[in-house]
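These features come from TrEMBL:
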REGION    1-24  region 'Disordered'
DOMAIN    42-430  domain 'Catalase core'
BINDING   86, 126, 175, 372, 376, 383  heme binding site
ACT_SITE  89  active site
ACT_SITE  162  active site
REGION    420-440  region 'Disordered'
Ligand code: HDE
């Protein structure tokens with residue numbers, strides 16, 4: 001008899017993964033996917049299980065019997081379920097997608113995934129925080145990892161980058177020191193997922209090369225609103241090499257199509273408690289809805305002859321190449337359009353490695369990059385339990401991979417043939433080398449000429465630690481500067497040892513900008529430094545508009561999330577009108593009520609509620625709409641929770657609309673209308689201004705007024 005039970009993939013509503021999107025990698029993974037719908041429960045040896053509720057016992061109250069192979073197998077497997085979390089970047093979330101090349105870029109590289117207009121390459125991208133454990137919150141102040149695996153037809157290329165273009169240290173040998181310092185302190189494992197503690201600030205205040213990167217982490221860049229709203233950077237300078245063997249230096253960039261924008265600090269703290277999965281949920285739900293995440297891949301290109309043209313060293317990973325000096329050229333577009341089926345099998349077992357490159361790409365001598373080349377294999381050996389991690393489905397290349405590496409734990413491949421060495425004549429010499437070629441050739445390292453004494457030293461060209469930090473500071477808008485001052489104040493305020501606070505202010509901040517140092521010193525009650533401790537060097541250029549998030553506002557409201565606050569008696573027609581306008585522009589609304597129960601509108605309709613106010617608080621939205629209706633407005637005026645909802649959204653600088661009978665609420669809350677706090681009698685009258693305010697992401701001009709709000 002044939003089993004007619006539908007499989008997971010056929011069950012509407014139970015399997016939420018959008019299967020419409022598939023690519024060569026997803027098709028390859030299909031072979032490994034397992035669907036138990038309609039299947040018998042069995043042991044790992046295939047034996048059907050009759051009773052999964054009771055251990056085998058001697059009598060129904062008797063001792064359990066060791067011979068119960070079913071219980072033993074189950075418990076043993078469970079005991080071994082955990083693997084070490086990543087030493088850094090432990091918390092992450094990932095998605096599948098596709099990269100499409102805009103053109104034939106073979107003038108620049110022979111990498112095949114960039115060799116033709118429209119060429120598609122499957123990708124798997126993992127975003128992460130750095131400091132916290134696997135279970136920590138998403139919205140902490142931290143760098144975000146942005147690791148992309150391109151499954152190219154010439155092998156895997158991993159671009160293992162961050163959402164900030166520089167790093168804390170210049171040499172890999174300092175990485176364990178840096179990570180020990182930023183991780184929770186060793187005696188009590190506190191604090192989790194935070195840099196606001198003595199050991200971090202001790203290390204960075206003693207390590208001037210960290211000044212530039214720490215400034216980035218104190219900026220709004222460390223608080224992304226969404227993974228879709230982050231820039232990505234390869235950080236190091238790489239080489240791209242074309243078929244003629246011409247090598248050029250490049251910096252890789254990911255430019256988000258949605259714009260780049262961040263949360264405000266108080267909001268991040270609240271989200272960390274109210275929805276610790278904020279960023280991963282946002283990505284998961286958006287992809288499920290077909291609202292995909294998109295970036296353009298770009299490169300800044302420097303001709304080999306221009307290597308020493310800049311006032312910093314291209315090999316120094318604490319420096320940016322200002323976009324005003326070398327513009328970013330767009331190479332293609334990446335779209336993330338498919339969630340994984342299983343977090344552990346895909347996201348957790350994904351093994352990224354900066355050393356996974358393909359012909360046409362090569363490394364430079366950046367000493368941080370060089371050290372990473374060692375670290376990423378080494379860490380997978382521990383984390384994934386041996387050298388066969390490349391056989392795990394998510395890590396397999398799409399192209400064939402044959403060599404004479406054999407055996408070791410968990411080997412999957414069954415090698416045929418007698419020869420496991422090369423040269424051999426037994427198997428006719430296979431697998432054989434492929435000479436380098438313009439296309440489809442073997443990997444060839446760029447024949448860079450290298451000579452030098454064997455020394456432990458830091459090049460003098462790596463010696464300027466402050467001028468680019470000054471450049472970043474100069475490039476910030478007034479609100480961003482205030483946020484940075486607030487961040488240093490908060491973090492250093494958590495540092496118990498005053499001498500560490502002083503050192504950071506006097507020996508680091510004063511060398512970035514005296515005004516920054518003064519403001520932070522005053523906030524901490526420290527003496528204000530009067531002069532830098534190193535001779536200032538003017539950066540080139542003096543400021544870079546590309547660095548300010550204010551210049552990356554989306555300008556539209558696509559994908560933004562709006563809370564519609566309702567109660568019994570709410571004006572249902574205003575909700576319909578507002579939702580229709582949001583939908584036209586690709587924004588999303590949720591109906592938020594006093595409880596999860598439906599409410600009755602003014603005209604007697606039952607309105608389903610998506611969530612209660614405490615279930616989806618204001619921090620989970622980008623804007624709030626209060627539709628009016630006399631009874632609803634009266635109920636809200638008496639509800640501390642509703643008033644807090646509006647006040648908190650105001651405090652976090654979000655656009656708010658109060659319509660009709662809801663308008664008097666504003667005065668009773670002590671709020672003055674502004675460019676984003678809008679009131680009106682109908683949706684048509686306010687929507688234009690609302691969309692404009694939301695397109696700018698937040699109402700920055702409100703910040704001073706918001707400071708007085710007790711939310
Ligand atoms: Fe990493 N880094 N890193 N890193 N890194 C790891 O590899 C390391 C650095 C980055 O989603 C580890 O598989 C050293 C810079 C990302 O799985 C480990 C040094 C940049 C991810 C490691 C650096 C990064 C990692 C931990 C200094 C931005 C997450 C688990 C020499 C360009 C990848 C793992 C994922 C992960 C070592 C510095 C980005 C231990 C030694 C600079 C996005 O191998």
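Quick reminder: no glycine exception, Cβ is built from N, Cα and C everywhere.
Features as recorded by TrEMBL, highlighted on the structure.
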{"residue": "86", "record": "heme binding site", "DSSP (3 states)": "coil"}
{"residue": "126", "record": "heme binding site", "DSSP (3 states)": "strand"}
{"residue": "162", "record": "active site", "DSSP (3 states)": "strand"}
{"residue": "175", "record": "heme binding site", "DSSP (3 states)": "helix"}
{"residue": "372", "record": "heme binding site", "DSSP (3 states)": "helix"}
{"residue": "383", "record": "heme binding site", "DSSP (3 states)": "helix"}
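Note on residue 126 (heme binding site): other Cβ atoms within 10 Å of its Cβ, all shown chains, come to 23. For the recorded positions shown (86, 89, 372, 383), fewest C-beta neighbours within 10 angstroms: 383. Residues 86, 126, 175, 372, 376, 383 are the ones the record ties to heme, and the longest Cα gap between any two of them is 21 Å. Residue 376 (heme binding site) sits 15 Å from residue 162 (active site), taking the CA atoms of both as reference points. Note: the Cα of residue 89 (active site) and the Cα of residue 126 (heme binding site) are spaced 10 Å from each other.
Close to residue 175 (heme binding site) in the fold, though at least 6 residues off in sequence, lie 169, 368, 371, 375, each with a CB less than 8 Å from its CB. Residues of the region 'Disordered' (420-440) grouped by DSSP class, helix first, strand second and coil last, total 0 helix, 0 strand, 21 coil. Within 10 Å of the Cβ of residue 376 (heme binding site) there are 16 other Cβ atoms, across all protein chains. For the domain 'Catalase core' (42-430), the predicted model reports an average pLDDT of 98. There are 24 other CB atoms within 10 A of the CB of residue 162 (active site), with all protein chains counted. Comparing Cα positions, residue 162 (active site) lies closest to 126 out of the binding-site residues 86, 126, 372, 383.
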